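The domain 'P-type ATPase N-terminal' annotation in TrEMBL covers B:31-85. Residues or ranges marked as ATP binding site by TrEMBL: B:Asp402, B:Lys403, B:Thr404, B:Glu500, B:Phe542, B:Lys565, B:Arg596, B:Thr676, B:Gly677, B:Asp678, B:Arg788, B:Lys794, B:Asn818, B:Asp819. Annotation source TrEMBL lists active site, 4-aspartylphosphate intermediate at B:Asp402. The Mg(2+) binding site annotation in TrEMBL covers B:Asp402, B:Thr404, B:Asp815, B:Asp819. The domain 'P-type ATPase C-terminal' annotation in TrEMBL covers B:841-1093. Residues or ranges marked as region 'Disordered' in TrEMBL: B:1119-1139.
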Amino acid sequence: MMASSYNAKEEDGHHSGSSSHGGPGAIKSKKPDNTAFKQQRLPAWQPILTAGTVLPAFFVIGLIFIPIGIGLFVTSNNIKEFEIDYTGVEIDSPCYICAKNFSWNSTTSCVCSVNFTLDQPFESNVYMYYGLSNFYQNHRRYVKSRDDSQLNGVESNLKQPSKECEPYRTSDGLPIAPCGAIANSLFNDTLELFHINQNGTKQRVNVTKKGIAWWTDKHVKFRNPGGSSNLSVAFQGTAKPVNWRKAVYDLDPEDPENNGFINEDFIVWMRTAALPTFRKLYRIIQKKPNSTPTLSSGRYVMEITYNYPVLSFDGRKRMILSTISWMGGKNPFLGIAYITVGSICFFLGVVLLVIHHKYDTRTNSAEIPN
Amino acid sequence: MQCAGEENWVDSRTVYIGHKEPPPGADAFIQQRFPDNRVVSSKYTFWNFIPKNMFEQFRRVANFYFLIIFLVQLIIDTPTSPVTSGLPLFFVIIVTAIKQGYEDWLRHKADKAVNQCPVSVIQRGKKIKKESFRITVGDVVFVKEDETFACDLILLSSSRDDGTCFVTTASLDGESSHKTYYAVQDTKAFRTEEEVDSIHATIECEQPQPDLYKFVGRINIYMDNEAVARPLGSENVLLRGATLKNTEFIYAVAIYTGMETKMALNYQSKSQKRSAVEKSMNSYLVVYLCILISKALINTVLKYIWQADPNKDEPWYNERTEAQRQRHILIRAFTDFLAFMVLFNYIIPVSMYVTVEMQKFLGSYFIMWDDDMYDEELGEGAVVNTSDLNEELGQVEYVFTDKTGTLTENNMEFIECCVDGHVYVPDAICNGQVLSGAAAMDMIDTSPGPGGREREELFFRALCLCHTVQVKEEETVDGIKHGIHQGKSASFYISSSPDEVALVEGMKKLGFTYLRLKDGQMEILNREDEIERFELLEVLSFDSVRRRMSVIVRAASGDIFLFCKGADSSILPRVISGKVDEVKARVEHNAVEGLRTLCVAYRPLSPEQHQEVCRLLSGAKLALQDRDKRLSEAYELVEKDLILLGATAVEDRLQEQAADTIESLHKAGMKVWVLTGDKMETAAATCYASRLFRRNTQILELTTKRVEEQNLHDVLFDLSRTVLRHHGSMTRDNCSSLSNDCTDYGLIIDGATLSAVMRPPQEDLNSGSYKEIFLEICRNCSAVLCCRMAPLQKAQIVKMIKASKEHPITLAIGDGANDVSMILEAHVGIGIMGKEGRQAVRNSDYAIPKFKHLKKMLLVHGHYYYIRISELVQYFFYKNVCFIFPQFLYQFFCGFSQQPLYDTAYLTLYNISFTSLPILVYSLMEQHINMDILKKDPSLYKDVAKNSLLRWPTFIYWTVLGVYNAIVMFFGTYFLFDNTTFTSNGQMFGNWTFGTLVFTVLVFTVTFKLVLDTHYWTWINHFVIWGSLVFFVLFSLLWGGIIWPFLNYQRMYYVFMQMLSSGPAWLSIILLITASLLPDVVKKVIWRALWPTITERIQSADKLYKGQLSEFTPLASLHAPSKAGGRRRGSENQSNPRRSAAFSKKLMFTRWQRKPDYCTFTPLLRFVDGHSPHHNAYGGAEPETCV
């Protein structure tokens, strides 16, 4: 279509009667250049996929994938993971009462403790996750209900949060900081882990709350507003999210580096999960310098400050303890998938070998018409 | 006085020369309004450009669709920002607008140059310079030599005494010959400004018409208050765009100006042709639109089912705003539906249209650049007028070709003439050689009796006089006479009909030289070197209906003769005496030899008869209405009672490689029809020479002669029975490929019979089915020759075949104005840059210098472009399925909330920059088979015939592959993310990492899919393919590496880097890509091994012989019965002969095969084994026989 219009232009040239045609120069210039590109004869590599050429590739893929798969599978199996559901749906569950009596207005928080036993000791660092099920963090209305500029400490957005935050934008005429549904629904259960010694005493397991959020998030993407060290001043004129019990500048009063928008629990929560069943990193139990396991086998108790209601949407809350390898947490999928694909490739390689021997040679050479 | 006063004047205009009122008593002076001489070829003005251009652009369905999507995004709350669809759309719109604006600006410039060029106009007896656009109808214009006419003019007088002027119309129709135009007899004496200004006359003429060669008008000249009416014909009209030559100056009056000139009326865009690929593309679009709508519907319904539980609809953590809650449920549902539509709309990408258009536009350059299609002689290569049809060249099933000038060179050579049965051969006389063909006949008799001698000379004079040839002078008027006299070729003949030139030149060899036409006197140099003068009284010009022309001359002796020459069928019935039988025998003999024959006859006219003739003719010429009809009636009356003199034979050589080309087209499975105006015998001989018919072709005739014997009905049924019986026996007996009996059929039909066949059904009996029977016969004939065709009939035939039930793709090729109708009618029209002007070329979609270039055009370019564009179309749909289907699946995991899986930037750029260039380059560069092999082995064309790569199974395969890839990508990532971490520091990834991972796999997978499909890896392919992947990675790094201040979200910040820092992410990317591509590779490999198409066989063989395959001529041995395994791939009627002993059994299952062509059949491997190659392989050119 374009070419036609260009030619129309040429005809216009004739139209005017001013175009020169027929001159020897014009004729000469019409002769196409004899270049490889214009004559479509550029040197080219012309591979063909035949059974013969693909065969080795299949075997190689098979031979590489199967060991990788086995390696991944073994690694995944070596990872220790312990998961406990503390939602409190069942009557015998220790948190049943807390779950049932939950009220947004109660000022005192309900505490429950869950006992569990680790059969095997957890070596190296142990990562403590909380997990939620049936919680749609990836719902569109939820995902976009945030103001990244506000979270980045932009003053104007602190006072004038983005419209995306509706209906969690203002409270009693004051702008909410941090605004939006995600911030509003910040997970606020407190999980504390105690080891029960042989003598029955509870010993708190030391946890760190640093390093649970992405470094870039904590240091670049999230920033507290204002230069002043006093966060309560910086957040003056804003309201706390309606479902929060404390203001944003009280998230971690002990550590100014972990308070306000740069509170790591908050940052972790703000990274919306991909699927409705998810887990988020809560605490890290650092490996002890000596050779004792990070978490030795034995009895433990987890004390929960039960603040977060999930029963209304049939949700579940879990606490997960997991060690980590280079490939992350326990997930046999990748290993199995590698083994499967590798085996299929290997099998197909054999099939192709048969086909190659039976057919390919024939089509290429044995066909002699007399 | 007003001889035609009773005629209806509604369709005419009156022009007052010099704007002078007619004298009282004549018609009332009514000043009509005419447009000025401004030519506007531009489409837009400065003010209306934006609205008009936008309107034009959004009229296209695709653009409109994207505009709607964009508006929906603007109005309602949609998952993706309007930018994602707005940006590409406006990019496309703006680029197109800029392009069109620039073109229009060029047009404006050209228009301005034309409109402002100075023209001399006579006003009040003075020459005044005016800008061209100020000329109005009625102005008297003064034109000097080599100037171009600014509007359509009536010639009043010229610097030449005889009132003629010469004009070249090269820019109108490409004919560079000088044509003579005549001034009005009564005004030719007015040669100064004052004199011209004193002319008092009105012109009545028809309203503007686009036909360049037709004009009817009348001039009323008022002298001494008495009006004289003179006829005006096309010989008086100087057309805008033509150039004055060999004439010092002329005076002429403007009759049509500006946009009403014949040239402007001819300057119109042709109707858009759409290719078969475009049609399949549109039907795929409809399918995808349905998929899109159903996806949106399914999701909307599921959403509302899922939301029925208020805790899912509005859990405490994710509440609606009050305004959203207030909205009516139906509005909400509709908005949701639209939102889903927007979310999935990328399945029909804007960029597909852009890419397809770019591919076509850029691809057409390869046709224009092709060195093989460049003709040194003409100095021209192929021309592409419409790039829309590139791929259609690979789909042609029927080729309709003109004979003269297309198959043949249209370079006529006088061979012989025959007077009363005595044969004269110029060469035989000149060189004393006797031609063998003539020797078989009785006589070359140079000394007939005295009576014979007289008739012989009359015959020669007749040929010297009865023509419209012009003498082109070398330098001055004196020079020619001299030149001809000296026997030097200082002058040469020019005519629009090469036959006439050949005849006049032939006569020169036989002793009679036509010198020139001067002052109405034709001068002939006879054998005794005496100049004979004949006064030219009338020319009854040639037309294709009468198929003859005549002149009426008065000899010096005062005798008046009418000389008539024409086709035998149109002369012989009008002959009353002469040696009809001898001449007829000779004519038929010559016709069989493939010569073009003409009969020559004369009629002596008595002065009374001449008076009568003059009255008849001038009566007809003065008519304003139906002049043509009246003229032909008059001609009919005049050209009668002829006395036959003799006949001539002119040879038209076959074009170089015409036979080879036709053979290739046949082998490529195309049916070749020759449509010609020539007579049956001549045409049939050409057909044999060009191997359209072979020796073993059984000829079926459907001609007037045969129809006269039986009636049409019986003949048709007879033929169809023959053909069908043959066909039936073929299928039954499987016609062993070794037997020679399988003949193919050739049909000859002539114009008269054809119109009888095409006639709308009568009420009696079942004649209504003639057309179907005829079509049925044609379908079973490999070659059809239609002779005695009128131009319109040619188009009718093409139309008929187009409308037949298979809807085959047709191609028409021709060189003359008489082929234009068929060129316009056919799916693909090809013009040959022949000798008959440029009309065919201007109206064609493609133009090539010679018929032989058709071979490369179809077999190579057509094949390539079909392969390329079909892959392009399929791939585009495929990659968008891969792109959008994961997003669809994601809805099931995000509560049907229209949450996009990918980031906005990815959504926008996926089709624009990450995956667009590789496929574009593929669709420009791909060569699945070497060019030379394609040319050598035409049957490869059948592999792509009937749109085979865009059939539904292929389309479904691609779509299924896309869905499979999408599922692998989505669920692969899903299981990887499934409630665990895959980083080594325990941190978790969010939904954007999920989408980015899917997207990364997606980009790599679709690019690698193209890698697998590319057979021709030039450095450009490498650069673009690896380049886009690198670009994707770099872009992702950059996009995630910076907090973009202009964005109100920073969701992608460091997402890509974090993903790459995780080992399992890398592993899963590799795994998912492998798993996605695996089935396609396996399918390809297994299909190639078990059921290879011919294409794949050739590829393998080419590989085996390291690209040397093209040097072995025969490739037929590779054409194994690919259907033997029970699978039928590729072409349906594969008819290549195979005689492999190993496969003879399998051959039994194949359909009947045609008679093997032994010369195509040199076994490849024998050659490879060291035996000497066959020398009669078909590539070796057999002499281009000219009978």
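Every residue, even glycine, has its Cβ placed from backbone N, Cα and C.
Unlike curated entries, TrEMBL annotations are predicted automatically.
In this view, B:Arg788 (ATP binding site) is surrounded by 23 other Cβ atoms within 10 Å of its Cβ, with every protein chain counted. Under the DSSP three-state reduction, B:Phe542 (ATP binding site) is assigned to strand.
Looking at the domain 'P-type ATPase C-terminal' (B:841-1093) alone, the prediction's average pLDDT is 91. Assigned with DSSP, the residues of the domain 'P-type ATPase N-terminal' (B:31-85) fall into helix, strand and coil as follows: 29 helix, 0 strand, 26 coil. In the three-state DSSP classification, B:Asn818 (ATP binding site) falls within a helix. With the fewest other Cβ atoms inside 10 Å of its Cβ, the least crowded of the binding-site residues B:Thr404, B:Asn818 in this structure is B:Asn818. Separation of the C-alpha atoms of B:Asp819 (Mg(2+) binding site) and B:Asp402 (ATP binding site): 7 Å, rounded to the nearest whole number. Per Cα geometry, B:Asp402 is the residue among the binding-site residues B:Asp402, B:Phe542, B:Arg596, B:Gly677, B:Arg788 nearest to B:Asp815 (Mg(2+) binding site). Within the same chain, residues at least six positions away from B:Arg596 (ATP binding site) with a Cβ under 8 Å of its Cβ are B:Met412, B:Asp499, B:Ala649, B:Val650, B:Glu651, B:Asp652, B:Asp678, B:Thr682. Sequence-distant neighbours of B:Phe542 (ATP binding site) (same chain, 6+ apart, CB under 8 A from its CB) are B:Thr468, B:Ser497, B:Arg548, B:Met549, B:Gly566. Its Cβ placed at the centre, B:Asp819 (Mg(2+) binding site) has 33 other Cβ atoms within 10 Å. Reduced to three states, the DSSP call for B:Thr404 (ATP binding site) is helix.
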